[in-house]
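*Asks:* Below is a structure I'd like to ask you about.
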Amino acid sequence: MLGNFDSLREISRNARGWSVGSLAFPRARSWRPSAVSSETTGNIDSRAQPRPQCLEHNRDGNDKKITRGVYAQELEVAARAVQLGCMLAQRVQERILRKEENAGSKDDKSLVTVADWGVQAVVSWVLSQAFGEEVSIIAEEDTKGLKGMNGIQTLQRVVAVVNECLSQASVVGLTPPSRKLGTIEVLRAINKGNSEVRSSRSWVLDPVDGTLGFVRGDQYAIALGMIEDGRVVLGVLGCPNYPMRPQWLNYHQKYYRLASKIAPPPPGKWHKGCVLTSAKGAGQAWMEPLVWNSDGSFLLNPPRVVAVSPVDDPAQATFCEPVEKANSSHSFTEGVADSLGLRKRPLRVYSMAKYAAIARGDAEIFMKFARAGYKEKIWDHAAGVLIVEEAGGVVTDAGGRPLDFSKGRYLEGLDRGIIVSCGTGLHRRIISAVDASWNSSKL
Ligand SMILES: Nc1ncnc2c1ncn2[C@@H]1O[C@H](COP(=O)(O)OS(=O)(=O)O)[C@@H](OP(=O)(O)O)[C@H]1O
Ligand SMILES: [Mg+2]
């Protein structure tokens, strides 16, 4: 196993592929031409863009590799880890909807499920295999809820789903562990998410962002970022239920599921689910569609470039916000929307799928104004901010300052709220509108 990130430069390449730590990546894994056909990608996006130049074709034409700057290897590992997390979470969500699994609550009364712990264990395991046991991971979950009489049964289900998922790691091009992980190993993997923040490099993980949406069968996200010297340098955002047709974002997933029962999507074609990726300085963001199989696994599709919307006229803009007004004041954003001249009704979506909507150009604005005293956590924003910025968007607090990821687990010093938009012109207008409405608001 490689001991540290510097060792990544020593990544070994051989005839079969390459490896990072003890993870082997087969040479022609997910970007074989067979997985690239329009049959499997479906009607991905009417705004689909030409293949990015960063997708290099090898001379034999049978193998494609992605080079995404200095963080290419980290991004590759992170994307695979999040894809595995998507598989795990989606299976648990199905079980919750079939009432075979349920959610519990944490000390702060927020929801937690087998998927929150399971995804954290899987992502942490993959990162440790790739970058060594001393990798620093700052993640949302701890193992308190897995202790005691009540916790032990949940823990058994977490261990089972983690092993179920890791046994299928080859779906994402990773080598499954040689034997099942034991309870102690799973607990250790989850606990690794409580590392101290490092000044050099720390991974930041929200294993299931938007847990409320998750248990309600709706949108949620798996968000993994990497912070280096206080700046987010890499982001991967898995959105397993993100619809191929963005207009479906307006509806709860239960309608989508109903429609899918009446007219099932053709097998092997993309209809929902994607993983967005980018790295600092790439100047681009990518989306990998997930083509779900009936057994809860998926086919990987080649990444394609996504970009923010070119719209800068507020009258044409769509703005998104959290579903729960406890998480962001709907009445305040209504006032801002009014004074900005936004005409469309707000798009209320659970989780960081809102960042995905901005990066993909499906919406132009995302605003979040939490109640006074609430401290935003870095894992709820890191991956989304990086992806939106690299896709051409802007993210600041309401004072127009970049979010500060250098102060530990929280976004310290945040001025009022978070504003995400597709461009600087629109962004300036939003900030002015927020200023104009602020003093008369009760926030
Ligand atoms: N009181 C309060 N105010 C502001 N924000 C809060 C608050 N409580 C929680 N959270 C964080 O919001 C995350 C969920 O954000 P969403 O945009 O998905 O909200 S919503 O569920 O659609 O309303 C949610 O992320 P998850 O815990 O991962 O679901 C929290 O980190
Ligand atoms: Mg969250």
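Each residue, glycine too, has its Cβ placed from N, Cα and C.
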*Asks:* Have a look through D380, D397, D404, D415 and flag the one TrEMBL assigns to the Mg(2+) site that E140, D206, D209 belong to.
*Replies:* D380
*Asks:* If you draw a 10 Å sphere around the Cβ of D209 (Mg(2+) binding site), how many other Cβ atoms fall inside it, taking every protein chain shown into account?
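*Replies:* Neighbour count, Cβ to Cβ under the 10 Å cut-off: 29.
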*Asks:* For the binding-site residues E140, D206, which one has the sparsest Cβ surroundings, going by other Cβ atoms within 10 Å?
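*Replies:* Result for the binding-site residues E140, D206: minimum number of other Cβ atoms within 10 Å at E140.
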*Asks:* With every protein chain in view, what's the tally of Cβ atoms within 10 Å of the Cβ of D380 (Mg(2+) binding site), excluding that atom itself?
*Replies:* 21
*Asks:* May I have the list of same-chain residues other than E140, D206, D209, D380 whose Cβ is within 8 Å of the Cβ centroid of the recorded Mg(2+) site, in sequence order?
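*Replies:* Here the nearby residues are L205, P207, V208, A221, A223, M352, K377, W379.
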